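Engineer: Sending over a structure as structure tokens; questions will come in a sec.
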Amino acid sequence: MSFTPRRLLLGATAALALLAAPAQAFDTRAKAAFVLDQTTGTVLLAKRADEALPPASMSKLMTLYIAFEAIRDGRLSLDERLPVSSHAMSYGGSTMFLNTQDRVKVSDLLQGIIVLSGNDACAVIAEALSPDGTERGFARLMTQRAQQLGMTNSSFKNASGWPAAGHVMSMRDLVLLGNRLIADFPEHYKMFSQRRFEFDGRAPSNVNNRNPLLGLGIGADGLKTGHTTEAGYGLVGSATNGERRVVFAITGLDTSKARAEESEAIVNWAFRQFAEQTIVTKDTAVAQADIWMGAEDSVGLVSEKDLTLLLPTMTPSGLKAEIVYTGPIAAPVKKGTKLAELIIQPDGLPETRVPLVAEKNVDAAGFMDRMLTVSGVLIQRLQDGPAEEQM
């Protein structure tokens with residue numbers, strides 16, 4: 001008896017009857033993009049998602065993450081006042097217009113980074129938390145911490161995203177970072193939806209949050225825009241709809257208007273074209289696997305947990321599902337033993353693999369039953385005759 005890989009193709013029946021057709025593809029104008037349904041972990045869109053690109057001010061999210069960690073660990077407090085160095089004051093671009101006479105509360109600096117995109121505020125935070133008191137030293141810390149978080153295509157040269165050779169991030173890394181900010185620091189995340197911030201009456205032209213999604217009524221609540229000549233216009237955005245949250249990153253748009261249009265379109269597409277559906281119910285057999293020399297001829301294959309996928313909301317069809325195992329499976333079989341894998345591949349979305357285990361115990365057949373099985377196999381082989389030689 002030979003044991004060979006087996007594939008059971010599943011149609012739109014039983015547990016898979018609710019699966020749906022592919023959603024309308026989203027053809028983004030962004031140079032690079034990554035869209036993730038945070039609730040299920042489903043990747044909805046990936047375009048040059050792992051390419052290391054200049055992130056502009058979107059890299060300020062890494063500075064904020066480290067600052068939030070310092071507050072959590074007691075190395076920094078919201079009421080603490082920090083000095084402003086001449087280096088920090090020298091920054092141009094988007095700033096809080098800080099000067100060396102200032103001692104600024106950390107809470108104001110954080111709002112200045114999130115709402116006003118203050119390059120000077122980033123430098124103040126960086127120098128306070130840097131191992132050597134310099135922004136360059138803080139940038140090395142940013143790179144190290146990013147690697148620890150799994151951001152494998154990120155490297156930092158400063159705290160603000162000021163253009164510098166080798167200062168890069170990928171869209172996937174930015175979404176990962178956005179997810180961590182949301183999950184790890186809910187007490188601070190509310191600042192990302194703040195629409196305005198005025199610091200000491202300075203910079204009246206720079207008081208509004210640049211995030212174009214805030215206030216549109218589509219559930220947007222963060223995170224950070226970015227723009228330089230080299231990077232183009234970008235955004236790490238997040239929005240909720242019911243129990244779902246979508247986090248995305250885009251970059252390389254030509255104008256702020258294009259960034260706003262593309263961001264809104266992504267959020268609407270993600271929420272309207274996809275919905276969560278329970279595909280497999282825990283402990284419910286989805287197929288039978290053949291048993292060799294067992295008290296029973298087959299055993300049910302079940303998942304140890306419910307499987308919920310984010311799937312397109314259109315009419316049924318357009319999905320491939322199969323169960324793969326090496327069989328027949330030799331008895332005895334113990335309940336809960338992994339025997340197979342369910343592979344689900346919706347058109348246009350990444351495949352999902354789910355381990356399947358034995359539904360129950362299957363004992364080995366008795367001696368006489370085993371002898372009868374062996375005899376039957378031998379008789380069948382004699383009837384079939386010798387295999388033909390392949391030329």
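Even glycines carry a Cβ here, placed using N, Cα and C.
So TrEMBL lists these for the protein:
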{"type": "SIGNAL", "residues": "1-25", "note": "signal peptide"}
{"type": "ACT_SITE", "residues": "SER57", "note": "active site, acyl-ester intermediate"}
{"type": "ACT_SITE", "residues": "LYS60", "note": "active site, proton acceptor"}
{"type": "ACT_SITE", "residues": "SER117", "note": "active site"}
{"type": "BINDING", "residues": "LYS224", "note": "substrate binding site"}
{"type": "DOMAIN", "residues": "274-364", "note": "domain 'Peptidase S11 D-Ala-D-Ala carboxypeptidase A C-terminal'"}
Engineer: Write down the Cα-Cα distance for the residue listed as 'active site' and the residue listed as 'active site, acyl-ester intermediate', rounded and given in Å.
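Structural biologist: Answer for this pair: 7 Å between alpha carbons.
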Engineer: What three-state secondary structure does DSSP assign to the residue listed as 'substrate binding site'?
Structural biologist: strand
Engineer: Under 8 Å between C-beta atoms and at least six apart in sequence, can you list the same-chain neighbours of the residue listed as 'active site, proton acceptor', or say none if there are none?
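Structural biologist: The list for the residue listed as 'active site, proton acceptor' reads ILE113, ILE114, SER117, CYS122, ALA159, SER160, GLY161, LYS224, given in order along the sequence.
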Engineer: Please list, for the domain 'Peptidase S11 D-Ala-D-Ala carboxypeptidase A C-terminal' (274-364), how many residues fall into helix, strand and coil according to DSSP.
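Structural biologist: Its residues divide into 0 helix, 56 strand, 35 coil.
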Engineer: Reduced to three states, what secondary structure does DSSP give the residue listed as 'active site, acyl-ester intermediate'?
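Structural biologist: Once the DSSP labels are grouped into three classes, the residue listed as 'active site, acyl-ester intermediate' ends up as helix.
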Engineer: Looking at the domain 'Peptidase S11 D-Ala-D-Ala carboxypeptidase A C-terminal' (274-364) alone, can you tell me the average pLDDT?
Structural biologist: 84
